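For reference, TrEMBL has these:
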{"type": "ACT_SITE", "residues": "Glu431", "note": "active site, proton acceptor"}
{"type": "BINDING", "residues": "Thr149, Gly188", "note": "FAD binding site"}
{"type": "DOMAIN", "residues": "26-143", "note": "domain 'Acyl-coenzyme A oxidase N-terminal'"}
{"type": "DOMAIN", "residues": "285-446", "note": "domain 'Acyl-CoA oxidase C-alpha1'"}
{"type": "DOMAIN", "residues": "485-665", "note": "domain 'Acyl-CoA oxidase C-terminal'"}
Amino acid sequence: MSEITSSIPLQINPDLQEERDKASFNVTELTHIIYGGIEKTKKRKRLEKLLFSDPFFQEYQNVRAFGSRSEYYAASVKKSTKIFKLRRQHKWTDEEYETVLDICHDDLALTLHHTMFIPALERLATEDQKSKWLTLAKQYKIIGTYAQTELGHGTYLQGLETTATYDPQTREFVMNTPTLSAMKWWPGSLGKSSNHALVLATLIISGKKYGMHPFLVQLRSMDDHKVLPGVRVGDIGAKMGGNSVDNGYLILDNVRIPRNNMLMKNAQVSPDGKFVTRGPSKANYATMMLIRVQICTMAYQVVSSGATIGIRYSAVRRQSKLDPQDREPKILEYQTQQYKIFPGLAMSYAFLFASRSLTRKYEEAFAEIQRGDFKSLPELHCLSSGLKSFCSEHSVRQVEIIRQSCGGHGYLNAAGLGMLVNAAAPMITVEGENTVMYLQLARYILKRFAGAMSGQQLDGSTSYLSMDPATYVCPVMSETDCRNLTALCDIYRYRSYMTVCRVARQVQHDMESDMPQHVAINKNLVDLVRAAKAHSYYIVVKDFVEGVDALVASAPVIKVLRTLCCFYAAHGIAEYSGDFLESEAVGLHQLKWIKNLQVSLLGEIRPDAVALVDAFDYHDITLSSALGCYDGNAYERLFKSTENDPMNKEEVHPSYYQYLKPFMEEMNKSKL
Ligand SMILES: CC/C=C\C/C=C\C/C=C\C/C=C\C/C=C\C/C=C/C(=O)SCCNC(=O)CCNC(=O)[C@H](O)C(C)(C)COP(=O)(O)OP(=O)(O)OC[C@H]1O[C@@H](n2cnc3c(N)ncnc32)[C@H](O)[C@@H]1OP(=O)(O)O
Ligand SMILES: Cc1cc2nc3c(=O)[nH]c(=O)nc-3n(C[C@H](O)[C@H](O)[C@H](O)COP(=O)(O)OP(=O)(O)OC[C@H]3O[C@@H](n4cnc5c(N)ncnc54)[C@H](O)[C@@H]3O)c2cc1C
């Protein structure tokens, strides 16, 4: 009788325990740093316990893995409502609620209600409107979404075709979808969940267009959720990932809404049809900026989850031979495996510091904006556009590399990596497609560079553009200098300066050769994106270096973070060596030293790799991975996961009786 069972051992896999025993630093100390202090860690643990003591959260994983689209959506609606109820029951603060959403880690069906609908009401509604709708929304008496993108336009907001025509007779707006391409297409939670939508539409008064404005439109009856007259709404279909969310379409046919349903914080239409604006024309774009900032934090969560799975699995998976005399090594011993996974580990910490710094800047600027001071808006728009693009691009790419590093098992849903990649992939597209957002940053950088050239003193993230490049000498003079974080940061800064300078001069030259500006810009778009990427890379490295420098922590924690920071910077230079050489930020000698350092740091990080991912302190249910579980019993958990597979329910699958049996009988009877 075989002794193979699918029961999970109670003890930690000794291979993983061995890793934990040799950590050079205190994991709990680092966890507290990551979560912002001991109290916050404790609170998160309490919330985790409360949530995951409910067996529903475990069952949800099975529906997610094996259920139909509709079952998955239904379970996710249930999960959303459970969390909403818990919030009310326990009177969670906004911060506690955000923590719960982080713990849940995956998309809730009603996600748009809290990620965009509520923040949009907070940013775009007047105080009176807030006291009505924000209150209803926060009490879940209405469920809403943010309906901006149309079938024909997502990026180019001036191209949106949905109209809101003011009728002064009735003091109403008449909402219309005039063409096929004007239908709203993509908004999350729109298809089946929401009973209201914040519809972004072109305002028309007496035949004149006044740009894009937000209008609150009721879509479904509050009694039976039936679709209201003039509204056509539905789900847009299955996606690569995020299938718990009902991204939807919406067609409006002469739907009348009261005048007061236009959110009027930034612009007003008076009862007699007069249009007045307050603040800059882009004030209505405020919600997008918030989410761009949040995407940087999501990118941190995505890559740190991937690194946790990849590193824990690599510490328990043994394969092939290193020393012919020894047993098969953990795959984590292979330098190539470290080379695949450790960039994701270092990136996790880089993005932690960068997203923290960006969030702080956002909060400061938002407070100013609330007071009517918009001066930091352009800088913040460009910083958030660049970092949103950079962090999403790099994290999604890195998690896919980690998935590949887990061999065959990485391809299973039970590994959790494929789902993570597919769920995270839209970060590249949502809230502004990455190339388009990089170009927003590039446009800003070019203007600032031109300012610097004409003698302006720059401040903020682009202040370095007023440097005198003639004074630059590569600060790495010897192999040991390569470990100097400030020197590495200077190299990034100079690479960025030169990349910006080159494209700025090229655009200027093209324009001086009588090329129309739009032609000159389009001719240089690839280099403009390169410049925006170089600038974003510099900002991330700078935030990492400054974040580690400012840390108050024990010497071992600082040491391990400095090693990671050094690796992150060295790895980037090695990976993009062509750019660094071309800009003469480094010479061939320096590049050789930095590449040596990059590889030798793999060995230095190796002993702490498991501890560094343990510090993220992800709950097993949050990670949802047989390979990345805290106990390291990956094989047992993989085998256990097959128990829930509906394919294994019957010994003989019904398709046998339906197709295979008659086919076999026919084959057996056949004379051929
Ligand atoms: C571990 C976890 C596991 C799993 C889960 C993981 C991840 C989850 C994955 C994905 C989910 C992520 C998020 C979900 C949340 C939300 C869902 C998505 C929602 C949406 O997508 S909503 C729709 C978003 N749409 C956009 O972002 C549109 C993008 N387009 C634009 O913003 C503009 O059109 C664009 C391109 C900026 C151009 O604007 P416009 O046409 O008006 O240009 P102009 O040329 O007239 O003006 C440019 C001028 O304006 C300045 N400017 C532009 N935007 C802003 C702004 N926001 N603030 C301030 N200023 C702005 C710009 O700088 C120019 O200024 P200048 O003239 O140069 O001075
Ligand atoms: C999962 C998911 C959820 C979403 N949720 C919502 C939501 O809740 N609410 C909502 O309103 N929208 C939502 N969206 C829509 C999303 O915001 C848009 O898809 C996004 O803004 C990109 O716009 P687009 O699809 O029009 O891309 P396009 O602009 O068509 O991009 C296609 C290509 O054209 C290029 N391109 C376009 N313009 C330029 C340019 N000016 N310069 C250079 N290249 C250019 C892009 O770089 C890209 O390569 C969601 C999308 C997804 C995938």
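Along the chain as shown, residues are numbered 1 onward.
Cβ atoms here come from the backbone N, Cα and C positions, even for glycine.
A map of TrEMBL features onto the structure.
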residue: Thr149; record: FAD binding site; Cβ neighbours (10 Å): 18
residue: Gly188; record: FAD binding site; Cβ neighbours (10 Å): 28
residue: Glu431; record: active site, proton acceptor; Cβ neighbours (10 Å): 23
Where Gly188 (FAD binding site) falls in three-state DSSP terms: coil
Pairwise CA distance, Gly188 (FAD binding site) versus Glu431 (active site, proton acceptor), rounded so that it is a whole Å: 12
The residue listed as 'active site, proton acceptor' versus Thr149 (FAD binding site) - Cα distance in angstrom: 10
Per-state residue totals over the domain 'Acyl-coenzyme A oxidase N-terminal' (26-143) - DSSP helix, strand, coil: 94 helix, 0 strand, 24 coil
Collapsed DSSP category at Thr149 (FAD binding site): coil
Averaged pLDDT, computed only over the residues in the domain 'Acyl-CoA oxidase C-alpha1' (285-446): 97
Three-state secondary structure, which DSSP defines for Glu431 (active site, proton acceptor): coil
